[in-house]
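Features reported for this protein in TrEMBL:
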{"type": "DOMAIN", "residues": "213-379", "note": "domain 'Helicase ATP-binding'"}
{"type": "BINDING", "residues": "Cys438, Cys441, Cys478, Cys481", "note": "Zn(2+) 1 binding site"}
{"type": "BINDING", "residues": "Cys447, Cys450, Cys465, Cys468", "note": "Zn(2+) 2 binding site"}
{"type": "DOMAIN", "residues": "455-632", "note": "domain 'Helicase C-terminal'"}
Amino acid sequence: MPLFVEVALPVPMRQNFSYQVPEHITISPQKGMRVQVPFGRQQLIGLITATSDSCSLTPKQIKPIVAILDTEPLLPDSLYKLTAWAARYYFCSLGQMLSQAIPVALRKGAEVKASTVSYWTLTEAGKEADINQLNRAPAQRKLLHSLRERDLELGEIASLELSKAAVKSLDEKGWIEKKSRTLDIDLSWRNELEMTEEPHRLNPEQAIAVATLTQQQGYHCTLLEGVTGSGKTEVYLALLETVLKQGKQALVLVPEIGLTPQTINRFRRRFNVKVAVIHSGLTDNQRLDAWRQAKSGEAAIIIGTRSALFTPMLYPGVIILDEEHDSSFKQQEGVGYHARDLAVMRGHLEQIPVLLGTATPSLETLQNALNGRYQHLHLGKRAGAAEKVRQGIVDIRNQPLRSGMSHALLNEMRIHLDAGNQVILFLNRRGFAPALICHECGHLHECDRCDAFFTVHQALGEIRCHHCSNQYAIPKQCHSCGSTMLAGQGVGTEQLASFLEKEFPNHPVVRIDRDTTRNKGSLEGHLNAIHKGEYKILVGTQMLAKGHHFPDVTLVGLLDVDGALFSADFRAPERFGQLYTQVSGRAGRATKPGTVLLQTHQSDNAMLRELMHKGYGEFARNQLFERTQALLPPAWHMILIRAEAHHAIDADNLLNQIGALLPQDEECEVIGPMPAPLDRKAGKYRRQLLFQTKNRNRLQLEFERALPQIEQLPLAKKCRWSIDRDPQDLL
Ligand code: ADP
Ligand code: ZN
Ligand code: ZN
């Protein structure tokens, strides 16, 4: 039995830690098991990365482990390899990466064993009791009656609307008791797949795609580029049918906002199999249950958002990423991994195909498809009988606007509403007005902790900073001159919605943005009401753009396009192209022709014209060419190092010192330090440094070489700083 173990711990130090295995522990330690260990004054749970019979530390330096928590490795070997690869690629510790990959409940020490289920059952006394004794306690009577028919799982008490108080009373009477049983793992789907819905008859393009995909053996990565509504999901379902029939599982990743019951139901309706759903709204235990079902092979389909990428599968068959361009696949806080890139790596390691689907491929994926690294499949036609959309630009130079709306757009709205259709208006600014301005002195009210204006939220009576949690009642007087002539500057979704309510009193308005969908289930509620036609005018931020199907929407208006055309972020045009194309796809999906209108001061903008006339495909290829010319990703490779400090000079100095440790030549570039686009946030100054290389490997090697020296810098211990590889947002 090995005497020593190396352990990866969820701490930022990029190293593993050595411990001794005391004699009283009888489980033989193996790579991948969880262990509880002393660390400083606390105890942590980590994973064994290696075992050995010797150790270079002196007996005094080495501490014993507290316990081994598993009897076998927690994850399949492929997922260890994936996390190890990712930790190296994203320059974080293995322990930090593993924390991303393992459900919270397991990190806290929960058991891995097959799930048990607790249920209420009758005792002997309960079976014999006279139910008429309960005539005056109807809730207890109802419960006893139900339990005489069958045992009830704890969750069923609530879903059958039985009273918890009644449970307590009967328990106290000694008539019922709580028991638990282990669930048997049901793998019957692997022997006989039951289809519960007749698939559509595939059109020729879909049929070619499915034929190509089902022939793939081992690792392949494929881009399925199909216009909105062209039937990509139908292709996924047809592929799943083949994969499931082979007794293999499928992992389906969708954007955060795309994981609605409608999406999940489409998968549930087709096959009679267990679908495990994994997203950030689950409790730790629900998440663990879904994880167990995937790991045991019981769940044939695992569908989830970004972090579901790490879900183990006993019979891995395929990984599908829907809307692969979506930015929610990149984690922004902490370890900034990209689920799309890791999905491709996982496909490699597990030797299974990976399918990336979208109407608007990211330039990264497009490049890989164009240079032949990925297979490239197309769906060019809309699946149903939908007609092509009509597109138009409204030049708003010198035009009077009412709450951001031009005459032309209002008139067009009227036509569509009178015809009984729905209209969507996009405005990427929530709140009532993006700034509060003094009419007398022109003072703009700025957050005292950030380099940003307060947004006015009229309904809440507050001004709020969207970059920190700062909020105040709307001031009555100007902070600069004391005038009471304060007005909102610019238009946000809240103002637009309230203007439209007055303008179109007979057509109900709904607003969809982060403010109106904060509560759990509220987005779902709004979407359902839209589908039922309870709302005619839909006002929203880009939340509304993603993957929702609204067959009665015939007009889509984009109110403020100019911001996207002139952003400091080199990805802004790509994002705008995606947003524009996605929202255009919302119009006229069914049999009704759609119209898209775009308001801008830049009606001659070449990029805009290209996008509208030639479509996303050509637009994106030109963007890719421009990125290559400008030595930007995906042609070159990039790391963004962020630093923040109470004194700007500290952040600047740190980044200067880091920059000095990195090479500069024809193939390596250091840019900065420079202020972050949001220069000050929550009272701290924010600076950033870019390190770019022509060659991906060189970036890895150079940064790995510099990192130990960077960590030794005294300022590195004083300031908060972070590394973002392949940054998606330069903010
Ligand atoms: P996407 O995922 O590309 O947006 P979907 O798969 O959701 O497209 O298809 C759009 C609509 O067309 C859906 O209502 C779907 O049921 C329907 N559809 C897809 N493929 C077919 C087909 N081959 N025949 C008829 N209808 C189809
Ligand atoms: Zn702020
Ligand atoms: Zn003033």
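Quick reminder: no glycine exception, Cβ is built from N, Cα and C everywhere.
Overlay of TrEMBL annotations on the structure.
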residue: Cys438; record: Zn(2+) 1 binding site; Cβ within 10 Å: 22
residue: Cys441; record: Zn(2+) 1 binding site; Cβ within 10 Å: 12
residue: Cys447; record: Zn(2+) 2 binding site; Cβ within 10 Å: 23
residue: Cys450; record: Zn(2+) 2 binding site; Cβ within 10 Å: 21
residue: Cys465; record: Zn(2+) 2 binding site; Cβ within 10 Å: 20
residue: Cys468; record: Zn(2+) 2 binding site; Cβ within 10 Å: 18
residue: Cys478; record: Zn(2+) 1 binding site; Cβ within 10 Å: 20
residue: Cys481; record: Zn(2+) 1 binding site; Cβ within 10 Å: 12
Compute the C-alpha separation of Cys468 (Zn(2+) 2 binding site) from Cys478 (Zn(2+) 1 binding site), stating it in Å without decimals.
22
To the nearest Å, how far is the Cα of Cys481 (Zn(2+) 1 binding site) from the Cα of Cys450 (Zn(2+) 2 binding site)?
21
Which residues, in sequence order, are found in the same chain with Cβ within 8 Å of the centroid defined by the Cβ atoms of Cys438, Cys441, Cys478, Cys481 at the Zn(2+) 1 site, excluding those residues themselves?
His439, Glu440, Gly442, His443, His479, Ser480, Gly482, Ser483, Met485, Leu486
How would DSSP class Cys468 (Zn(2+) 2 binding site) in three states?
coil
Could you tell me the C-alpha distance between Cys441 (Zn(2+) 1 binding site) and Cys447 (Zn(2+) 2 binding site) in angstrom, no decimals?
18
Once Cys447, Cys450, Cys465, Cys468 are set aside, which residues in the chain still have Cβ within 8 Å of the Cβ centroid of the Zn(2+) 2 site?
Asp448, Arg449, Ala452, Phe454, His466, His467, Asn470, Lys681, Ala682
Near ligand 3, meaning Cβ under 6 Å from any of its atoms: which of the binding-site residues Cys438, Cys447, Cys450, Cys465, Cys478, Cys481 fit that description?
Cys438, Cys478, Cys481
Which of the binding-site residues Cys438, Cys447, Cys450, Cys465, Cys468, Cys478 have a Cβ less than 6 Å from any atom of ligand 2?
Cys447, Cys450, Cys465, Cys468
Sort Cys438 (Zn(2+) 1 binding site) into helix, strand or coil using the DSSP assignment.
strand
